[in-house]
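I have placed the structure first, in the form of structure tokens, so that the comments after it can refer back to it.
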Amino acid sequence: MESSLYDEFGNYVGPEIESDRDSDDEVEDEDLQDKHLEENGSDGEQGPGGSNGWITTINDVEMENQIVLPEDKKYYPTAEEVYGEDVETLVMDEDEQPLEQPIIKPVRDIRFEVGVKDQATYVSTQFLIGLMSNPALVRNVALVGHLQHGKTVFMDMLVEQTHHMSTFNAKNEKHMKYTDTRVDEQERNISIKAVPMSLVLEDSRSKSYLCNIMDTPGHVNFSDEMTASLRLADGAVLIVDAAEGVMVNTERAIRHAIQDHLPIVVVINKVDRLITELKLPPRDAYYKLRHTIEVINNHISAASTTAGDLPLIDPAAGNVCFASGTAGWSFTLQSFAKMYAKLHGVAMDVDKFASRLWGDVYYHSDTRVFKRSPPVGGGERAFVQFILEPLYKIYSQVIGEHKKSVETTLAELGVTLSNSAYKLNVRPLLRLACSSVFGSASGFTDMLVKHIPSPREAAARKVDHSYTGTKDSPIYESMVECDPSGPLMVNVTKLYPKSDTSVFDVFGRVYSGRLQTGQSVRVLGEGYSPEDEEDMTIKEVTKLWIYQARYRIPVSSAPPGSWVLIEGVDASIMKTATLCNASYDEDVYIFRALQFNTLPVVKTATEPLNPSELPKMVEGLRKISKSYPLAITKVEESGEHTILGTGELYLDSIMKDLRELYSEVEVKVADPVVSFCETVVESSSMKCFAETPNKKNKITMIAEPLDRGLAEDIENGVVSIDWNRKQLGDFFRTKYDWDLLAARSIWAFGPDKQGPNILLDDTLPTEVDRNLMMAVKDSIVQGFQWGAREGPLCDEPIRNVKFKIVDARIAPEPLHRGSGQMIPTARRVAYSAFLMATPRLMEPVYYVEIQTPIDCVTAIYTVLSRRRGHVTSDVPQPGTPAYIVKAFLPVIESFGFETDLRYHTQGQAFCLSVFDHWAIVPGDPLDKAIQLRPLEPAPIQHLAREFMVKTRRRKGMSEDVSGNKFFDEAMMVELAQQTGDLHLQMI
């Protein structure tokens with residue numbers, strides 16, 4: 001490098017080179033071009049008469065050699081060139097999406113259901129939809145009963161008779177369980193969700209009826225699904241295992257159906273267990289069946305005392321069906337009589353013949369008449385002779401005899417099977433033979449048609465029971481008439497998740513009007529009333545289906561009396577809802593919330609493993625609350641999220657859904673605990689008073705225990721606060737021996753209209769101004785109900801307490817007696833009266849039913865005694881070698897009980913537990929002398945203190961109840977003077 005060409009800093013200072021000259025020429029050319037444009041006008045257009053020769057030269061010659069940078073090259077046509085000038089195109093940057101939202105969302109299809117696109121049926125979809133429009137040809141029923149009594153398999157039999165499919169796998173001899181649509185239901189071998197199907201069934205005259213049937217779970221933990229199903233049904237089909245008889249959930253289903261004013265028909269299922277398992281002779285099988293029916297009737301009679309007289313079940317009346325879902329057959333006495341008439345070709349009065357096939361009726365073959373007395377030399381009852389003996393013959397010969405004898409027996413019954421059929425295994429052959437002999441379930445359909453009312457016939461009773469509005473409204477009249485042209489009213493009780501679990505479809509029953517796709521409806525929640533319309537949204541119905549368990553039939557409208565699955569309205573629905581026309585101007589009232597026959601007393605706290613995923617878990621908990629009718633999810637003051645359920649299996653199912661379906665996050669679960677209640681066992685030791693903050697008002701109150709059984713009557717709806725004073729007075733005076741003045745001075749139940757606490761105005765008109773008391777009544781009631789909802793011991797509900805207002809000083813000026821003054825004061829005085837009445841904790845207690853062999857009974861006693869449980873009865877199960885042990889067990893002691901029980905009985909005992917009642921926990925929760933030692937079991941008398949302290953800790957409260965919080969200063973002075981009071985230690 002020559003040093004003369006560069007300066008000391010390395011900059012070139014030599015002669016001009018060629019490349020610099022070129023760049024200078026380009027700059028000059030640009031300047032000339034700009035100058036030329038300015039001469040031709042500011043907008044770049046050629047001036048009049050101006051020459052364009054120079055520009056043409058530049059474009060034609062020099063632009064061909066111009067270097068174009070890669071980013072300036074035009075590889076593709078513009079959007080305007082492709083789509084035209086009339087189309088607006090937008091280019092969006094990926095940065096405009098939030099970070100948590102992927103640019104391309106993956107298709108979210110969670111496999112939690114077993115489904116098919118469509119299923120061929122023996123009748124067309126148009127025929128099924130046509131039947132929906134005729135309420136007289138529709139029957140809405142729910143299959144209810146105990147666990148493993150065959151409800152789902154019985155449903156399989158009906159599905160097989162209406163669809164081009166087989167629900168029985170002949171290779172592995174397992175049933176499809178068509179209505180167990182969830183994968184975990186198939187794995188656990190129990191039903192978890194209630195699932196509907198609409199089947200077209202023929203009666204014995206080949207007339208078709210649309211039977212909307214809801215298959216419900218039999219496990220007592222999932223009885224909330226049964227409650228939701230019975231609300232939509234016009235009748236209950238009670239499925240009972242012939243061998244096991246009436247069990248705990250059978251009893252509860254009977255009671256629940258009667259409380260809902262639903263007629264009951266019975267299917268005695270698994271009759272073949274009497275033949276193949278118990279090996280009972282036909283006569284003993286009859287005794288067993290008769291005993292089962294008698295027990296059912298006893299329960300119906302016992303439950304009918306509060307709901308009015310209901311017809312008892314009787315096979316001769318046609319409301320009992322005998323069946324075996326596993327073998328695929330069913331019959332009633334009437335259908336069996338018709339089979340005899342057809343087989344022998346004899347003209348007879350089928351109903352009279354059927355009425356003689358049950359009870360102590362004998363057939364005298366010599367005179368060919370039926371009599372109450374047995375023939376000379378003895379004989380079997382008609383049911384045994386004409387029904388059980390042929391049934392036993394079919395079973396015994398198919399299972400154990402030679403092919404020839406089976407052929408002969410079936411030929412006598414008018415059935416011929418192919419040679420290939422006889423090569424089948426025993427179970428498939430038995431199914432084929434029985435289904436050929438007994439035919440379709442026409443007897444079952446006859447029973448539904450005769451004993452279950454149609455939607456129109458049942459409408460008045462259903463609406464009276466579930467609708468909260470008055471009877472003199474046009475809506476009520478339309479619902480009673482099932483008027484398709486009336487105002488729309490739909491009761492929603494179930495929500496089913498879509499395949500991606502992001503939203504839900506809602507399932508309900510149309511009572512009046514016609515629900516159509518594209519229709520705008522008002523969605524009224526459980527908190528809606530014409531006075532308070534906050535819980536109301538307007539949504540558009542986007543799709544409607546007939547829900548068929550594993551597939552759906554799309555429809556454009558749903559007439560009154562039909563069950564329908566609805567898309568697009570679920571956003572604001574939590575449990576149940578009422579749908580009505582968005583344009584309807586009259587006052588609309590809602591359908592009542594579901595009244596469950598059990599309580600969610602088991603709770604557990606949850607939190608995400610990764611704290612940043614808390615919003616996902618909270619959203620998942622919201623969906624859990626939608627999916628499970630009885631599940632309660634709430635946030636404690638400490639910030640922990642708790643889930644309340646009916647038992648361990650219920651919570652296990654919830655947690656599985658939360659982790660895998662609704663939140664898809666890892667969730668940590670705390671040890672399960674139980675809900676408690678707070679109560680008193682004595683009257684308040686002194687009159688407790690509290691002054692309002694402005695010192696202008698003073699309320700004096702005492703607390704005392706309620707009469708035994710009264711809390712249960714209030715909760716079960718036997719007595720209602722909505723009754724007039726005369727009705728209330730008569731009820732309390734006759735049943736609980738209250739004086740008329742006290743009975744008519746009841747102000748409220750708490751913490752709600754069916755709460756197990758009572759507030760009475762026990763003031764004297766001569767001492768207290770009645771007008772002023774009435775002016776502040778609502779505020780005092782609100783304070784009482786607030787206090788009853790969260791008691792002073794550990795923020796648990798108060799139960800079984802009667803609060804009496806014995807004195808009050810109310811300011812005459814409305815300004816000084818506002819709700820802000822009265823509500824907190826009423827709550828505080830209720831707490832102080834409660835604390836002075838010897839407070840106690842109450843814990844929930846399970847009723848436990850255990851099936852066991854007799855040699856395991858002793859071990860069961862031992863296991864129960866370790867957990868503070870006690871046996872109430874142990875009796876043999878009639879006709880079986882098993883024993884039924886009935887016991888009570890505190891819920892807090894029940895965790896792990898089933899595992900413990902099976903361990904000590906080598907897996908031979910099986911138990912089911914369901915909430916039964918509340919019991920007082922031993923010990924005084926306010927006894928500070930009790931020292932709780934970590935990692936040591938507390939003595940029985942220390943349990944109340946232990947439960948209270950640990951519950952308060954878990955909720956983030958101080959360990960002890962503070963007297964300063966609930967007692968006024970003047971009250972504290974008065975308390976200090978009563979030095980003999982046992983609870984001074986609390987101050």
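Cβ from N, Cα, C; glycine included.
Here is what Swiss-Prot says about this protein:
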type	residues	note
BINDING	145-152, 215-219, 269-272	GTP binding site
COMPBIAS	17-32	compositional bias 'Acidic residues'
DOMAIN	136-422	domain 'tr-type G'
REGION	189-193	region 'G2'
REGION	215-218	region 'G3'
Which three-state DSSP class does GLY145 (GTP binding site) fall into?
strand
Lowest local Cβ density among GLN148, THR216, which the record lists as binding-site residues, within 10 Å:
GLN148
Between GLY145, LYS151, VAL271, which of the binding-site residues has its C-beta surrounded by the fewest other C-beta atoms within 10 Å?
VAL271
Which of the three DSSP states, helix, strand or coil, fits LYS151 (GTP binding site)?
helix
Any idea what the model's mean pLDDT is for the region 'G3' (215-218)?
97
In the three-state scheme derived from DSSP, which category covers HIS219 (GTP binding site)?
coil
Distant-in-sequence Cβ neighbours of HIS219 (GTP binding site), under 8 Å, six or more positions away:
LEU147, ILE190, SER191, ASN249, LEU649, LEU912
